[in-house]
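Scroll down for the structure; my scribbles are underneath it.
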2 protein chains.
Amino acid sequence: MNISDATFQRLEAEFNAPSVRSSTSPLLNRQWISDAEAQQRAGVNPFPPGVVAPRPVFDIKKMRELLDMNNFALRDSFYELFKNPVFFPRYNESLAEQRARTIQRWRLIAKTGVFHNTLQTFTAEGRQRYEATLESVGAMEHSMEIKMGVHYGLFGGTVSLMGDDEQCAKWTPKIENCQMLGCFAMTELGHGSNVKGIQTKAVYDIPSQTFIVNTPCEEAQKYWIGGAFQSARWTALFAQLYVKGVCHGVHPFLVRIRNEDGTTVPGVTIGDCGAKNGLNGVDNGRMWFSNVRVPHDHLLRRHSQVSRDGTFTSNFKSADERFGASLASLSGGRVSVSAGSLVQAKLALSIAIRYGLSRKAFGPPGQEETRLMDYPAYQARLIPPLATTFVMQLVLNHLKAKWQRGELGRELHVWSSGFKALISWHSLQTLQETREACGGQGYKSENRIGPMKTSHDVALTYEGDNHVLLQAVTKTVFSEFMKGVRSGGNFKGHFAYLKDAEGLRQADLSGMDARSAAFALTVMRRREAALFARLAADLQKRTATGVSSLQAFNDCAVLVEDAGRAHVELLMVELFHHTLGDLQRGGETEVADMLRLCGALHTARTVDEQVVFLRCGAVSVGEAQMMHANVGRFCETLRPHVLSLVESFGYPPHLLAPIAFDYVAHNSKSRL
Amino acid sequence: MNISDATFQRLEAEFNAPSVRSSTSPLLNRQWISDAEAQQRAGVNPFPPGVVAPRPVFDIKKMRELLDMNNFALRDSFYELFKNPVFFPRYNESLAEQRARTIQRWRLIAKTGVFHNTLQTFTAEGRQRYEATLESVGAMEHSMEIKMGVHYGLFGGTVSLMGDDEQCAKWTPKIENCQMLGCFAMTELGHGSNVKGIQTKAVYDIPSQTFIVNTPCEEAQKYWIGGAFQSARWTALFAQLYVKGVCHGVHPFLVRIRNEDGTTVPGVTIGDCGAKNGLNGVDNGRMWFSNVRVPHDHLLRRHSQVSRDGTFTSNFKSADERFGASLASLSGGRVSVSAGSLVQAKLALSIAIRYGLSRKAFGPPGQEETRLMDYPAYQARLIPPLATTFVMQLVLNHLKAKWQRGELGRELHVWSSGFKALISWHSLQTLQETREACGGQGYKSENRIGPMKTSHDVALTYEGDNHVLLQAVTKTVFSEFMKGVRSGGNFKGHFAYLKDAEGLRQADLSGMDARSAAFALTVMRRREAALFARLAADLQKRTATGVSSLQAFNDCAVLVEDAGRAHVELLMVELFHHTLGDLQRGGETEVADMLRLCGALHTARTVDEQVVFLRCGAVSVGEAQMMHANVGRFCETLRPHVLSLVESFGYPPHLLAPIAFDYVAHNSKSRL
Ligand SMILES: Cc1cc2nc3c(=O)[nH]c(=O)nc-3n(C[C@H](O)[C@H](O)[C@H](O)COP(=O)(O)OP(=O)(O)OC[C@H]3O[C@@H](n4cnc5c(N)ncnc54)[C@H](O)[C@@H]3O)c2cc1C
Ligand SMILES: Cc1cc2nc3c(=O)[nH]c(=O)nc-3n(C[C@H](O)[C@H](O)[C@H](O)COP(=O)(O)OP(=O)(O)OC[C@H]3O[C@@H](n4cnc5c(N)ncnc54)[C@H](O)[C@@H]3O)c2cc1C
């Protein structure tokens, strides 16, 4: 592909402010990286000193392929590219430096041509390649992944999903090759989660056949728009569409915000969002529009159209359906965010588990100290999140496949919302736990976990705030549940299991194999069933007092979120055991056995960490005790395999951190 | 006091590398700060727009005095000082800039003379003043607090606690007025939590009457030493003391590491610890010693002495007692860390709760949107940590008083270890929750929560890793418990409640006032009793199989930590209700009533968040359901008072953040 060199030459000039060029920020672990590289080249055992890699009981390569799904060579080629010093990690850079670095890196990644045909023709192969690229890049540095995700995924995705065929054909190739650099302008200062409430106006002006865009008040300023402050020339703008005085709700427009030379176009004002807790490689900006004229054919018109003479038409009957469709690009965003989240968790575990295997502390008097990983209390902190990470990756792979197939329905919405929420929380928790588990070393930037934690943190908020997403999940699923209730128990689809509610209640967990699908499903279904029933009763009680159903829902929202989590965790168990079944049938017994253990630990810890299972009667006190014991038991069983397990994440040494290897040598005086 | 101006002039010159002076980093919220200041001067209602401050049902000033305990005017004078632009928050500064800024600020704080007589004569007043200062400074910026805490508290504290009267008289005045700048060198690359295992050697050389200090291997390099990389001239060095070939264990020495001009002394090599996840104003360093000769009278000899001719004597019989005493300065450190932790939590809550009161999202169609704080699901996220913060502050005040009185026994050790662990975890969790509760705005540096979170994170690790501390608590308390068991049930002291184990078991929670001491004590005691009994049984089972008691303890360490937490949470409830009783008796009914609600919510959420209460039989499923309902109920009851409650933390607007006030005006286009 002909990557637009001109774009990057211009951008690099724009971003390289004098302060950036004169930067003296130290590259703290250059030495370490070249060591890791040299070791790898020399074929040295990539384990911390003193750690004897146990003979894996499963095929690590097969496991990795199962986790990564596709584009293995492509991923490896990116990891290879990241040995270029441009990609070496740097800390303590100023905002301007970090942003400049991101542009520099982007050029090298874009020049590989990897984005060719990822947007133009919507193919599974293109999406897979796109996602594999983003995940690989995220392993190098999170800002870079997000910067590209905004341009290709949110901006490009909106054009390709919301534009009609003609629009797609015209613009997507230019987006792929960076001739048109864009951003995604949905959020406003006053409205984030509540997208419907945004106030930017696009009024169709019949005489001039243009949409006139205005920011009617300060709260309507576009806010947080990634890439808007410096790099973007275009934006996918979301605004309330007015035609002949009638508001038709939120619609997407392709709007030019800057000329190619970087100056803003008349009527557009752009400001900086400034320093963030992390992710400072992305130049988030704020935008105000004042009588900006957008050409008639820049309304992205796959779903809604305005004729030149001002007639509004739409493929959807209701404004709600239209609104839902216009958010489609967010589903893709959630798939990416979830995948990116797990990358951070996998890296952090790869680092911390290796450290825990070589680091020693305390021990019997006069004898050698004990490895951290040999303390059950330590295992209990790192092995459960490791197990959950395997489960979530395999579950997410189902969502990725669905998205790559081009499905866009209700199920995609529920899965992408629910998985994004639980996966991003899990990853943050894992990053925090690994930080603590590495003691003081976990607090050193060069050991990566801290910077990963701060940059990942925002994943809980963007592409839908996690709490709001869980509420949305319940809202959608609850109506399905109520259909079954109202039909007198003729539950269908997901809730079909409720046709045998009695069997579910009576199932004897203690008699089941704790690693079986039946065991996990029983526990998770009992909870879901109890919470949805409870929710139905509580909502009914509230509305009976005369409050609106919206009010009732808000009043019960703690339960609503619990129910949402219950639903998503059940879905996860179902999909996970689906994968296990496939593996078993495909003869992949060793991989399946290892994963089954991970699944069992995941289920046990899920119950062991949430009072709700006991509170709603899904498990008895005795069963909860058994679950607690299972956590310890499965940690012990998995203990010998933790190194093989993190090896199967597939990250080469130079993407990990000094404490994952010989940290004593790394810190030696001779290296000062 | 005659603050050593020379010291700071030199330091400022040393720290102001050219790159720092040419810094162009933007001060993002200068405008906002001067606004906040102007508003305050003009007596403007310091609440977010649209928020009508409810009439407080308790005396906010009294509440603040209860929380802060002492030095109210001093605290306010610091808040006033922080209006000086030197103290304005800055983000995106390089490591060098941040370190320089800390020195610049330190000078202004030191010049107030506030540290006079905080170390020399050990008085309660001096310690109170010292702690009030650190807390006030921590509200401005955490690095500055830690930088000063290391010099005055850890370095100065070691000299004043471990030196004999002569040594104290000689050195502490110079430490107070910064003529002797110091650091605290305990941790080594190879040994952090396990201090006993440190390897730095100090061998007494009779002919020269000096201690010869050496770093025998790379793992023995001193690591993480705050102030060592740039500012410190001296260190309180912890090393294994050898006299006539016999090792007497870890002892503290006062050692010069740099000349006054900043050059290192012969034999000392110093390196940088580099960029950290936060707290970058502190210049943590690494140190190697090669035949460094320390004068005979620089062994801090309050507890152990070496005569000139090489005879070792000690006030303690056992090496273990001696070791315990030599860690005394850490107890003070834990008091400060806990107090500093709560400052961060209080600030974050002051910011997030104000935002939650003015920020609106979603709402009934066509009507005004709903304030976040009016969503029960949102209340459930912020009000419980608010309640816990009140409880923990009052509990910590007991520890502070104990420490200020100069107590140094077993109880101080248990309290300081246990409170530090639970308070620092609570604060981190609160910072995370408030970050998420502020949505995207919580991710902006200028809104402070993010930078507070990253800089506070290390509090979980230093001055004792939290997990290790909880294990230590249990170890200490368990022997007391076992005394009672072995005596056939004649429990004493803390465990005296077990003499009526039957009464405890039979108490009917549902018949009690959920806000009463009896209620909270019943729940917490039941758990403690169950876990300690269980621990006794499990340890016994393990040792019966022939493993060592150390091994048994490690095997049971998950339970050990649960038991430690149970003990500390019970202590907290006891101390909290102690304060409530005092208030009630003192006629402070309104303040007491408000706090009683906070206590009730704290207890309810504690049970509601930990499966262990159900698992060990401390509460029944029905009781757990009641607790869950209580969380919602008490949140609702406290909802009208949240603004008054955060007001009573006493932080002026300019220490909060833009989102705590009129964030729309703050973000207006006219301010670009
Ligand atoms: C770094 C960064 C990059 C971003 N990039 C982009 C971008 O490129 N383009 C773009 O358009 N946007 C972007 N965003 C915006 C992002 O999508 C929004 O921040 C997000 O949608 C949340 O909106 P908000 O920040 O307004 O939070 P709010 O919607 O105000 O929510 C604040 C809090 O209130 C809670 N809450 C909200 N509603 C309810 C309710 N009904 N019940 C209970 N609790 C509730 C939420 O859980 C949350 O904790 C970005 C944000 C950040 C921080
Ligand atoms: C920013 C910063 C500033 C510091 N300042 C100073 C200073 O000025 N002076 C100074 O002397 N030190 C300082 N320290 C060092 C600090 O006190 C140590 O980091 C701390 O004591 C923990 O030691 P460690 O880092 O070696 O962790 P480790 O002791 O290696 O612990 C690593 C992990 O193992 C776990 N673990 C350890 N033992 C066990 C066990 N028996 N069972 C189960 N789990 C276990 C811990 O929970 C922890 O998660 C500082 C550290 C930092 C990060």
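Placed from the backbone N, Cα and C atoms, the Cβ positions cover glycine too.
Residues or ranges marked as domain 'Acyl-coenzyme A oxidase N-terminal' in TrEMBL: B:82-180. What TrEMBL records for B:183-292 is domain 'Acyl-CoA oxidase/dehydrogenase middle'. Taken from TrEMBL, the feature FAD binding site applies to B:Thr187, B:Gly226. Residues annotated as domain 'Acyl-CoA oxidase C-alpha1' in TrEMBL: B:329-476. What TrEMBL records for B:Glu463 is active site, proton acceptor. The domain 'Acyl-CoA oxidase C-terminal' feature in TrEMBL is assigned to B:521-656.
In this entry, B:Thr187 stand out among the recorded positions B:Thr187, B:Gly226, B:Glu463 as having a C-beta under 8 A from a C-beta of chain A.
Burial estimate for the recorded positions (B:Thr187, B:Glu463): highest at B:Glu463, by number of other CB atoms within 10 Å.
Summarised by DSSP class, the composition of the domain 'Acyl-CoA oxidase C-alpha1' (B:329-476) is 121 helix, 3 strand, 24 coil. Taking the domain 'Acyl-CoA oxidase/dehydrogenase middle' (B:183-292) as a whole, pLDDT averages 97 in the prediction. Counted with DSSP, the domain 'Acyl-coenzyme A oxidase N-terminal' (B:82-180) comes out as 69 helix, 0 strand, 30 coil. Counting only same-chain residues six or more apart in sequence, the Cβ atoms lying under 8 angstroms from the Cβ of B:Gly226 (FAD binding site) belong to B:Ile146, B:Lys147, B:Val150, B:Leu154, B:Cys183, B:Phe184, B:Val282, B:Asp283, B:Asn284. Under DSSP, the residues of the domain 'Acyl-CoA oxidase C-terminal' (B:521-656) split into helix, strand and coil as follows: 115 helix, 0 strand, 21 coil. Recorded residues B:Thr187 (FAD binding site) and B:Glu463 (active site, proton acceptor) have their alpha carbons 10 Å apart, per Cα-Cα distance. DSSP labels the residues of the domain 'Acyl-CoA oxidase/dehydrogenase middle' (B:183-292) in these numbers: 6 helix, 53 strand, 51 coil.
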